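The structure under discussion appears below in the form of structure tokens.
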Amino acid sequence: MTETLPHQARADLPPQWTPAEVEGDLYERWVERGYFTADADSDRPPYTIVIPPPNVTGTLHMGHALDHTLIDVLTRRRRMQGYEVLWLPGMDHAGIATQNVVERELAKEGKSRHDLGREAFVERVWQWKAEYGGKILGQMRRLGDGVDWSRERFTMDEGLSRAVQTIFKKLFDDGLIYRAERIINWCPRCRTALSDIEVDHSDDDGELISIRYGEGDRSIVVATTRAETMLGDTAVAVHPDDERYQHLIGTEVELPLTGRHIPIVADPHVDPEFGTGAVKVTPAHDPNDFEIGQRHDLPALTIMDERGVITAHGPFEGLDRFEARPAVVAALRQQGRIVAEKRPYTHAVGHCSRCDTVVEPRLSMQWWVKVESLARAASEAVRDGRTSIHPPELARRYFDWVDDMHDWCISRQLWWGHRIPVWYGPNGEVVCVGPDEEPPGGEGWQQDPDVLDTWFSSGLWPFSTLGWPDRTRDLERFYPTSVLVTGYDILFFWVVRMMLFGLYAMDGEQPFHDVFLHGLIRDAAGKKMSKSKGNVIDPLDWLDRYGADALRFTLARGANPGADMALAEEWAAGSRNFCTKLWNASRFALMNGATVARPVPARDRLTDADRWILDRLDETVSEVDGLFEAYQFGRACDALYHFTWDEFCDWYLELAKVQIAGGGERAEATRAVLGHLLDALLRLLHPVVPFVTEVLWTTLTSGESLVIAEWPARRGAERDGTAARRIAGVQKLVTEIRRFRSDQGLKPGQRVAARLSGLGEADLAGHEGAVRTLVRLDAPADGFTGSASLEIGLPGGTVTVELDLSGAIDVAAERRRLTKDLAAAEKELAGCEAKLANPRFTDKAPADVVAKIRGRRETALADIERIKARLAALPGA
RNA sequence: GGGCGCAUAGCUCAGCGGGAGAGCACUCGGCUUACAACCGAGGGGUCGCAGGUUCGAACCCUGCUGCGCCCA
């Protein structure tokens, strides 16, 4: 066989993998060649994922990096499996956040959005987007996201806006959208309504002030954390059964500072145990009070404007709510009405999730989605398995939420967003306008000034991005999407919304088959990353320093369903090391002529090592397949890491060196096995580490691209148990000899003459050469005398190794080693015998378990006997 | 207040009925021609506490303690 190898030309990989120099070009080539562009007319089965649209103002953070890595792993694997993959990218317009950004910019010019007027302001936002928006899209390229850029969407683009208007009209016509005056969460800084989930609650220090209303035996004491709201009180409520207040129910008291008289009402929702059992009722500024007000037909008095500034009420007019609070308390104190003050008083306070301003409950007219029937359908779709949530523990949280969902406040008092398509006529007409309809013209008609919640449009994302409301080819092909991958923290914000709208708009067809919810990124100590804590890790920094593959591998390897992930620099370095290892191993294989040009020879022409590693590859393929299917990214990566490093590199490559060194047909066969293994391994790793594998694979195979290569299938050959047992024997032999050498202080490189016996009995006759090479033992010369020896127990028999150490052996070290082994064997024996002595164990345990324990006892007994003999034979024993 | 989850090696985490695992960190020895971003060897754990079920429990059940998250 000729040694002139066609592959020598391509064996000149650079000695080092330098991701920063090649990743960018590789990515652009993938995009140019259209690998990520989905073909709606192919006959492949579809696999669809829509990106959780990042915020147009945002930049890539670790949470995105994790989410995108997982999606990219899923889609790249499916593409290799022959699916027509669509990973659809895009962004949402982030109403409040974007408006804030542009308003801040205007503020620097000393202007407000009102100075510009609505139209000019919106124009200005578009300009801002064109100039600064969507930074994240460029950053996604650096990560390697295999998205279909030709289908990129934006929630404010024409098609998606049309979708918004279409569904609004449909919901309106079906009576599922209505307008009502209620208490909503109001952000006085953003000056807009917020939905319940846009409010974050925290326990803050405040004060609890007890105030006496009325005089003498007609007085009553109420406690409040928001004293200023007393200006808007229209009643005091007590529990109907509260004996303390029976005489007061139905009477009136004078409300201090205002001179108004307000009734004392009985309401079963008052908790008589809390405080004095009497509560002030401010229907316009508290959701519970609003309900009490409804039940008792009380007036609702709004005492603040949209900025949280007190309106009217004499001396308090014009004060901010937080200035008004002490002012009101002082005035009450002056009148001797403060009965008690408690500071600090810790209580839950709602904050705007966008700007952290304390939310002000406020009575106002807003648009709502009536969610009851939609939520029922959303619940049903998960209950009957049309959509399954992974990990399943989180399904419960989903049910708890949708089964008790409150109507959704969808109007926002902003300018940036989808304007509510409702027109009001001069005579009180209310007309909802569909996308193809002309708005009513003429004198006195006005469009509703508000826009819709951003989540309203992102709730349509899985189908609006595919062309809905038109029945497009994309929609037919790619809906329902295969899986939604996102963090569990936006289950309610977004996932639920998509379920509501998807089922409604698509005639009961669910928006995704699976929902996979991953955890949140934390720092090395498990703490949440935050700018204020200064523990934020920037993925771009890791991209620069370790490469995209290292970042991706770190994130994928750490992703365990339902669990958060702690990250530290060392993890990234470890992943980078893994890529380097893969690089070096591949370089070695290529330098030694690894090839895919020749098929792997028939099994009976292969060595034990070949058969073992091919079987292990097969097992790894199955294992990794199963784990990826179950969204077990972390374990899949671990399995790949272990196979690559601990089995392929540490053992097979070392054994292959021996096989190649022998030359001839064996060497050629080994080159084919190496080529086949590397080919499959690179394919398996490609979804997680696409860049380094692409370079190595194209070098190995001269193929066009790994992106469009086939995912490895199991060979299906019957596992060779004999080969596996023999390689396990070789491994034990090598490890034990290395341990002995290490204990005896022999340098790793130092060659030592040795005689091995008993290999035949242990069924390892053919492996002596490999063992000698791996542990640097030379053949015994004439007149060899072993000055030291060790015995290694193997299933078939005991192998004895006699070494010429040409010097005194370290007896103490040897005794330590043997004593330790003896203790372990004795512990093992004791454990086995205890079990076997128990008749209930031998009766009830499965036969194979009992047999296994019996076998372990025999092994332990033999070990003990052998070790004891060695110990007794040691000098000075 | 209601609900959910987690407590396993120094750190971060897998394992979830039959031999305690990984990565990183640590100790010792090595530039052994793929790899010092590495190689070889090693140390380290009453699997939170207390009960129960079982022939057998890190794993299932109950209670407790301590953390975390979600919702009010």
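Including glycine, each Cβ sits where the backbone N, Cα and C put it.
Of all ranges given (A:43-53, A:54-64, A:714-724), TrEMBL attaches the label motif ''HIGH' region' to A:54-64.
Listed ranges A:353-357, A:528-532, A:853-857; the one TrEMBL annotates as motif ''KMSKS' region' is A:528-532. Segment annotation: TrEMBL labels coiled coil over residues A:808-835 (candidates A:80-107, A:556-583, A:752-779, A:808-835). The Cβ of A:K531 (ATP binding site) has 7 other Cβ atoms within 10 Å, all protein chains considered. Applying DSSP to the domain 'Aminoacyl-tRNA synthetase class Ia' (A:444-567) sorts its residues as follows: 52 helix, 23 strand, 49 coil.
Helix, strand and coil residue tallies for the motif ''HIGH' region' (A:54-64), in that order: 3 helix, 1 strand, 7 coil [DSSP].
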